[in-house]
Structure formats: C-alpha cells, structure tokens
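Feature annotation from TrEMBL assigns active site, nucleophile to 106. Annotation comment: TrEMBL describes 244 as active site, proton acceptor. For 71-257, the entry in TrEMBL reads domain 'PNPLA'. The annotation domain 'EF-hand' is assigned in TrEMBL to 356-391, 400-435. The motif 'GXGXXG' annotation in TrEMBL covers 75-80. Residues or ranges marked as motif 'GXSXG' by TrEMBL: 104-108.
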C-alpha cells in the first residue's frame, strides 16, 4: 500500500507504433446549499450591462452553427473539478454529442476522458463526489523513504484503479487502449504527459500510442513531481520516466492543430517523417501543431484559475467573460478565503498608498538628479523634501511621522557614504513591503513556504505559470473558456461537497456565458 507504483501491461508493453431564499450571513457566506443565479454577496462580480445584452440568447438555437468538434482541458489539480460543470452544460444543450476529439493535461485528462466516453449528467455528479484526497493513501511517515526510493510520496495506485473502473464502465475493459476507444466510438482521446528522460512532452493518442492503456497514460499525466510517483514505461521501443504533463505543456490548446494528431491518411507518419535530414524541422512543435485559421475554431479550450492567479492570459479571459453573481458556500475553505479577502482589502489600501508615495519619491528623485549619476546626494534629497508635490502624508508613510530629510538619509544610506544608490532605494522599498525589483513580473506573487504542502504548491505554481505560456498565445483566447474557481486552489484535496458544487456551478455558468457571447458575436442571428 505504501510502496512504489507498479502495473501489469503484458500485452501492451513495448508497442512500437437561489432562488431558494438563502440569506447570506454577516460574513457574506450563505448558510445552506450551493447558490443559484439569484443570490449575491459582497464578492459580487455581476455585470448588469453584459447580462442584459446576452440574456435573451438561447444557445440551443445555435447548436448547428457552433463549430466546436474538439475539447481541450488545462491541468489544474483540484480546480479542474470545475470542468465537470462545463461538461454538464454542454451535455444539457446538446453540444457534447458533436464532439469528436478530447485532450487534457493532468486533471484535465480526466475531464477529457469522461467527455469522450460520454458520461451523462448523473454520472458526472457521481464522479464529482469522489474525494480526490482519498487517493492520497500513503501515510506521512513514508514521505522521505518513498521520495528517495520511488521519486515520489504517493503511489496513486487507488487512483489508477479508479480510472480503470471508469474506462471499464464504457469500454468493457479497464485496460482498454487508445485504439480500443477509437475503434469502438470513433472518437479520439489525447493525454499529454512529460517524458523526463528526453525532457519533452508526449501526446498519447490512438495515432501515437495506440496500444497503451488509457488509465496508464492518465496516471502518468497526474504525477505531480515529488507528490506523486512518476511512471517508468516503454513506449514505441523507448523506455522513459513519465510524470505530470503540466511540467511542460499545461494547456495543450494547439494539440489538434496541424498534422501530428491528424488521422488523415496523408498525415500518417510514413507520409510525413521524411526525408530524415529534415526531421528536426518536421518535428518542431511549431510545425507539428501549425495553426490553420480555417480549422482552429473547431477547438474549444478550458482553463481554470483562482483568486491568486494573475497571468495576462487569465486576466484577458476574465476581462471579456460575462460575469455573474457569486455566493460562497459555508465551508472551511470559503470562510478562510473570506477572511483573507478582508485582510487583502485592508492591505491593498495600505499597499496603494505606499505605492503612490514611492512613485512620487522616485519621480522627484529623477527630477533632481541633475548630474544623472543614478544616485541621490544629500543636496538632491533636500530638494525632494522641499518639493510641494511631495506631501506630508507621503513622507509619513515612507519615513515615519514628522521625519526630516536627515532621518530619510539615515534610513536609506545603508553604507553611510553620503549617497543613496539605486540598490539602496530598492532595498528600502522592499523593507516597506514593495518589491520594486520584481514588480511587474508576469503572474508573480510572493509565496510563503512553511510546509511540504506550501513547497509542493509553490513548485507546481512555478511550473504551471511558465508551462502555460508554451503553446498558448493571445490568438487562443477567443477559443478559451476561463473558469474562475475563486478560493479553491490546485492542491486543496480537502474540499467539501459544497466547494465542489460551487466550482462546478462556476464552470456551468462561465461556459454558458462564453457560448452566448460567441453566438452573439460570431454566428448568424436566429431566423424568426
């Protein structure tokens, strides 16, 4: 139970080719079940103008016009449960039956699996009730031994078995392969994994890995380094060590672009992989997944983000999505999030004032740096303090109540050489809680790491932050649904039932809003 992950392949190994009258309590958390569209609290994100603009649209009237044939799901750990809400919406309006290909990374590969296998509304609810934390069945006392012996704490054997039951339910065999799925349903599944041996991502698919069991590929794709043991496997004659696809390709939005996963005869490997001297160019990611504007809109992608995610891609998605009213459920995670929000608001006000004071100080420092020496002399600092635009309040924020120029000089001139260098200014700003040297770095926010969970989450966030930029550009935003999971983070394995209902509802609402916007702006109006 607590050892390494193992599997039996025998025949497969080494193959070559509201309104429910809920009243929010004083903390802004509702006291009962998950909210409905009519509930609203102080975390309101509603946009009445947008609501009115698209409220009359019934997306069912546009089913035949929607171009989507492919679904792609980003990795995101526990946040990925929001995808199940999106799938419920697609099933409800009849769009899911048009889907022919599904792909995903990490937790997204599970959503891709249930989408391509056609799990219905009730089955999706049953899957959502499966506690992800229950798969962490190796005790803490095994951490050090397992990490050194098996390169990861959890063997995730129970997860591997669970995915097998899902596959068996629809395909009759827990070890059904990518080829089995394709031949029985006519649909394609792609699972993205990272091959640590060759330092590259791989796309498990009926074309590339026809005889590999689906559940094995998904087990590889969720193997968060350090937390979940990687998988050693021989694929197409080459043995590699496989782990979480998110390490390199967290959002494979382009995987169905280009020829690499195309099942057309003219795109077979025999037709494409020659001449050998051109192989590096042929296998370049930009060539394999070359975007074709005529077919790019056949793919609909889904990503998840929470309150702490600040990348440009996420912000762009949020800015254009149709916002709706939000009520947090009364759960442990939600209550903690609301307390953090109160603190964040208070600190945000203080941070804004500090930022404005620093900005004014730097502006004046540049103004009075007559000799452009990139340092501030005592005389120049005197001029800064004398400038009427540098208010008493700003001086107090930076240097203390009734601080003089001499006080400020002493605080900033750390080496006491009579000049304030730029590095000393950066150091001073940092001590005031403003990391000038890192301000503006895409998506970065200082992480507080005090435990193994913090370390794992920070590591995963670092990987995902950078992996999200690979294969994803601004061109992909029009075909991406951004699901906001608010307070639910990647490794919140202790989510409660109401938390899951909440993020599933967010997935449902956001997908509906996206489709309404898409219908209104890109499809032909409904004929009266």
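Cβ from N, Cα, C; glycine included.
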Next on the checklist: Give me the DSSP three-state residue breakdown of the domain 'EF-hand' (356-391), ordered helix, strand, coil.
Outcome noted: 22 helix, 3 strand, 11 coil
Next on the checklist: Which residues of the chain, 6 or more past the ends of the domain 'EF-hand' (356-391), have a CB below 8 A from one of its CBs?
Outcome noted: 397-398, 404-405, 408-409, 412, 418-422, 425, 429, 432, 434, 436
Next on the checklist: Given a Cβ distance threshold of under 8 angstroms, which distant residues of the chain, six or more beyond its ends, lie next to the motif 'GXSXG' (104-108)?
Outcome noted: 72-81, 83, 190-192, 221-222, 224, 244-246, 249-252, 302
Next on the checklist: Mean pLDDT across the motif 'GXSXG' (104-108), rounded to an integer, is what?
Outcome noted: 95
Checklist entry - Within the chain of residue 106 (active site, nucleophile), which residues six or more apart in sequence place their C-beta under 8 angstroms from its C-beta? => result 75, 76, 77, 80, 221, 222, 224, 244, 245, 246, 250
Item to check | For residue 244 (active site, proton acceptor), the number of other Cβ atoms found within 10 Å of its own Cβ | outcome: 29
